[in-house]
Amino acid sequence: MSTDTYTPVEDTGFGKKAAGPVGWLDDRLGLAGVAKKNLRKVFPEHWSFMLGEIALWSFVVLLLTGVFLTFWFQPSMSEVVYDGSYAPFRGLEMSQAYASTLHISFDIRGGLLMRQIHHWAAALFVGAMLAHMLRIFFTGAYRKPREINWLIGVGLLALGMVEGFAGYSLPDDLLSGTGLRFVDGLIRSIPLVGSYLEFFIFGGEFPGEEIIPRLYMAHILLIPALLLGLIAAHMLLLVYHKHTQWPGAGRTNDNVVGYPMLPVYAAKAGGFFFVVFGFTALMGALVQINPVWAYGPYNPSEVTAGSQPDWYMGFSEGLVRIMPNWESTFLGHTWSWNVFIPGVGGLGLLFTVLALWPFVERWVTGDQREHHLLERPRNAPTRTGLGVAGMTFYGVGWAAGGNDIIATQFHLSINALTHIFRIGIFLFPVIAFIITRRICIGLQRADQNKILHGYETGVIERSPDGSYAERHAPLPVTEQYRLTAHDRLPALEAPAETDENGVALPHGRVAKVRHRVRSFYYKGAIDKPTLAEVEHADEHLAEIEGHPVHLGEDFQGVSETGIPKSH
Amino acid sequence: MSDEIQSHDSSSTPVRTEPVQDPGLQPHQWRPTDVDPAQERRAERQISGMFTVAALLFVLFAVSYFAIDSDQTFLNWSASNFALGATLGGGLLLIGVGIIQWAKKLMGDHEMVEMRHPARSSAEDREAVMADINAGLQESGVGRRPLIRNSLFLSVGALAVPSVVLLRDLGPLPHGQDETVWKKGMRVVNDVSGLPIRPEEIEVGQLINAEPAVFFPAEGEEEAEVHGHELLAAKSKAAIIVVRMRPEDITPSEGRENWGIDGILCYSKICTHVGCPISLWEQQTHHLLCPCHQSTFDLADNGKVIFGPAHRPLPQLPLGVDSEGYIIAMSDFPEIVAPSYPELARDQKRLDGES
């Protein structure tokens, strides 16, 4: 790697040959201008920045394996008699979609592997998007100027779930047909227009002959095209805004510190594509997913106990399961609240809240600045608490989606479980919020203690009068800076209700509400120490009770056995 | 950087306000591979080893593709799937890990600093764009010619008409949601064998999944009256279950006293919640549980909902016996089967009027 022996690429044999064609391209496209800005673009490093990458690469895996599957899959609901190599089904009537799925699984070499990789990658795609979104949420990375990219992300998540569901429905096996039946019931429950939507979408009465060809079109053309467009926009904005970074020594709101795209980041990200692909391929090789031949062709009069959707639909499924059986009749119409509210409203509420959050938070904090430094979750206790409350809400819904499995596995009453979930979906998020906010504040306090009193070295000293005390030592200055690099809390002044002449201000009421929400948002949060406090602490730490602390340059604390660690 | 709106905390502020000052970027730490040629060579060997093994695995992939029959098994699992997936996945993982190791151990790891710029454009650019927009608007005359402008809006808005009308043939208008293929005199047949059922063949406590006779070929016929995808549509409404309970356990509501035969009752198999076929039968309690969302119906009590998200009771099919002693339906379902829909109340009223 020594640079002194390095030959510039334009002087190598390859470079001399390539310069022509590259020059040819640059004459027409002006590539150098774009490349100059971006080839050595700096990306910061942190493990959590990898989550979005998993989503991106699993999408690429989905495209590759999906193209393979389209070579044989036939999206048709016409009934055929099966004569393939899976003996138990020979002579059975089934749709062409199901028969061709069996064909891919049993007669095309590597077909089952590609199907399983495709399905695992789909589960990973949605999971990685969700994890990535939580990372963005808990670190405040959606704040100005990245709100639009957050909205694109919410759109990607929603589209990804629809895409997954469409794919899940295509094989036309008993499980996927049951899923479609559920969606049919869901569409029917839409007030006033439900029946019309049902007949238009299914091309007649359920199941009809149209739904699988239509879902196929959506699954391989419409939604992937939208996903691709949104992913492109997502990445372009990422490049334009430059990646956020964690605060630390030398890492400020005005710079970005990390490794250049070429070669380090390109290699790491490119290598990671192979890791994601390899991982999903091993999953496809070793862990069975969606064995459609075990379920049989779709038959509207059959179902298996323990029918479960793919994991990302579990939240909706759970809400539908725990909803009370409300249905009412007025205006001459039937209103199926029991299906409509959880089925359509559940995810609708989730995505609406997600989309609005950055704007709500900005209204509450009144913060108009650009933020490129990530915030540690503990330093935004209310946001973190709300996030965990949302996760709990989602988690309770998700667990409720498997209430039958939980009941049979743990020998519990399904009725009792359902009642617990009915209460829990409202109660548990509140408890989670209170506990999380408390934990955050506790962690803030711990940080403050580390700054003002140093860290615990683990060295116990006995004083001349016989008492024991643990020796504290100041943190390295880089660590001290990292713990104090966040914003100071704003002053919370109640807004004036009247102007200087005693006339009521026009927005007095809104300002009052905002002030109240704002006080709630910052309630209990611990501010970082002031300059004076730190200066006082420095003196205090330098000389404890007249005994100067000299731990030496290489003192790094002690191990559990009490032996000082060294380099 | 424009300073009119933005107010960044800048480390160049002369007065120190922050409790701890930014110590600045820390000195670069050398890696073992930077300072020890032995380590460097070792890393090089490791990485190229990974790439070589990956290439080998891909060759093995091709070997297993041609050598392994599709019916061979390995640990009860398709040997072909295992071999193809393990070689492909293993090779890909090795390539990935190798490249990342290369980047981590051997490529330059000097951190670089790039300055950020505010997302907004410069004030001059904004002004220039506004000037361009104004020039364009003025030259087009959009403001001065409201007649043209508004009629253009009208025509483009009216484009919605063909766009919506074109979708009309997506499907027929809703129909037939309140009827099934059941009618007076149609035999109840076993859903697998298609054979008609006599009341004496059913034991107390037994549940039979059944279907209307039209789903199976009549004697001497090749094909059933209802077949293909029409069969699926008809099935998703007409599937039934027949159960026999002790007559003294049953509490029929008014008008339903003669809908059963000696404790044999017949209900729709399609859940009134979202339409799952419902068939988890608790013999001792007479409860029927839907496996999808756990709605529970009491079959001894007119299919009443006793738990879960379903609202309407399970529709009951009145039964009789034909001259040959087989169970038949006495009419179509008097109540609407399958999930609720907006016009259900209206349709049910009409059904009630007809009976």
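Here the Cβ of each residue, glycine as well, is placed from N, Cα and C on the backbone.
Automated prediction, rather than curation, is the source of TrEMBL annotations.
TrEMBL annotations:
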type: COMPBIAS; residues: A:544-553; note: compositional bias 'Basic and acidic residues'
type: DOMAIN; residues: A:21-247; note: domain 'Cytochrome b/b6 N-terminal region profile'
type: REGION; residues: A:544-567; note: region 'Disordered'
type: TRANSMEM; residues: A:47-73; note: transmembrane segment
type: TRANSMEM; residues: A:117-138; note: transmembrane segment
type: TRANSMEM; residues: A:150-170; note: transmembrane segment
type: TRANSMEM; residues: A:216-240; note: transmembrane segment
type: TRANSMEM; residues: A:269-289; note: transmembrane segment
type: TRANSMEM; residues: A:339-360; note: transmembrane segment
type: TRANSMEM; residues: A:380-400; note: transmembrane segment
type: TRANSMEM; residues: A:412-435; note: transmembrane segment
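Outside the transmembrane segment (A:269-289) by six or more residues, the chain places 50, 53-54, 57-58, 60-61, 64, 113-117, 119-121, 123-124 with a CB less than 8 A from a CB of the stretch. Sequence-distant contacts of the transmembrane segment (A:117-138), counting only residues of its own chain at least 6 positions beyond either end whose CB sits under 8 Å from a CB of the stretch, comprise 48, 51-52, 54-55, 58-59, 61-62, 65-66, 69, 150, 153-154, 156-157, 160-161, 163-164, 167, 276, 280-281, 283-284, 287, 289-290, 310-312, 354, 357, 377, 383-384, 387, 391. The transmembrane segment (A:339-360) shares the most Cβ pairs under 8 Å with A:150-170, out of the stretches A:47-73, A:150-170, A:412-435.
Sequence-distant residue pairs (6 or more apart) of the transmembrane segment (A:216-240) and the transmembrane segment (A:412-435) include fewer than 3 whose Cβ atoms are under 8 Å, leaving the two stretches without contact. Residues 318-319, 321-322, 324, 385-386, 388-393, 396-397, 399-400, 403-404, 406 of the same chain sit 6 or more residues outside the transmembrane segment (A:412-435) yet have a Cβ under 8 Å from a Cβ within it.
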